[in-house]
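Notes follow the structure.
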């Protein structure tokens, strides 16, 4: 409440809370074990992308108790699944000391000298960020000091030092949605964690992307709906387990929920799809987005690229006509099931030209979205969904099953 803020300000030595929308050079940025992003500046921190600063020692009291230093030089969340005692712990660095926290509780034996846990890593760091195996060669931590990057291999405890003089000196660094960001001033630059390569138009202003500030937006101002008011247009998961929902002009990745849920304009990933979607499905490393009578097909390599000659009409691509409410492909199958009103059509995706192989009536209508996974088929309608075991069970059913309420775990809505 505002009263609490006033009281807190009165009792704190620095009455004025720092305002990150004024443009701040952060000391450290890290997600906590639940995926909330923490931003540190001096003796304050911000939790998440909106809301005011608070004194850091309200969340991590020992950061201030011991030597009244107050600031954090660097911070990261450990990625070390082979060692559950260490995995997801948050490390903070202050001068030559470091602290390890789990669930906001300081681990026994900390603070320690940096060298005790990370031999070969210098003191007075500028920034640090974890780098899981697959994104780096092994589970690693990148420690930044000046233009030097000390790459620490978590399992072998060895260090390789690189000099990335093309990168600005990072005062903080973080990993978000499998990408790596170096923060400097109130800007950030995205870099490759192995080569340090910067591709794209950087630096960018952090206020446009990593916080909600008036007059600084990038089109991501999407209000997450309550589950009881939810309505989605499409939901789909690719072979690699990346899971997406689409609602109006935005989409969200669901499988990366530990980094928080974030809405982006659909045009950010699929720039030709400018007015939302009616249905989406994945098949053979491609994503099919249907809008009106148009089908857009993109290759799902590193970046989505529209296949030449697309969009095409529904008639040309799938041999069907009319408005599509939803579509789904079950894992390891070659049939797309297209829902139109109270009819479900099966189209064989291996046939040329593609054509309907089965048309069945459905006991439901006005379906918003559909997906098929190991848990069966979910048909979404408003804030509820219907569950069927398989396409055959759906085709045979004469009466609708009892609807269930959509949950936060399913589509990232607010309970």
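Glycine is treated like the rest: Cβ placed from N, Cα and C.
Marked as disulfide bond by TrEMBL: 21-213, 131-136, 170-182, 330-372. Feature annotation from TrEMBL assigns repeat 'Hemopexin' to 69-121, 122-166, 167-213, 229-273, 274-321. The feature heme binding site is assigned by TrEMBL to 218, 262.
Mean per-residue pLDDT, taken over the repeat 'Hemopexin' (274-321), amounts to 92. Across the range of the repeat 'Hemopexin' (229-273), the DSSP-based residue counts are 8 helix, 16 strand, 21 coil.
The Cα atom of residue 372 (disulfide bond) lies nearest to that of 262, taking the recorded positions 131, 170, 182, 262 as the candidates. Listed in sequence order, the residues of the same chain lying 6 or more apart from residue 213 (disulfide bond) and placing their CB within less than 8 Å of its CB are 20, 21, 207.
The two recorded residues residue 262 (heme binding site) and residue 182 (disulfide bond) have their Cα atoms spaced 20 Å from each other.
With a cut-off of 8 Å between Cβ atoms, the residues of this chain six or more beyond the repeat 'Hemopexin' (122-166) that come close are 28, 73-82, 91, 93, 95-96, 114, 172-175, 178, 180, 182-183, 191, 193-194, 196, 198.
Counted within 10 Å of its Cβ, the other Cβ atoms near residue 170 (disulfide bond) come to 26, all protein chains included. The highest number of surrounding Cβ atoms within 10 Å, among the disulfide-bonded residues 21, 136, 182, 330, is found at 182.
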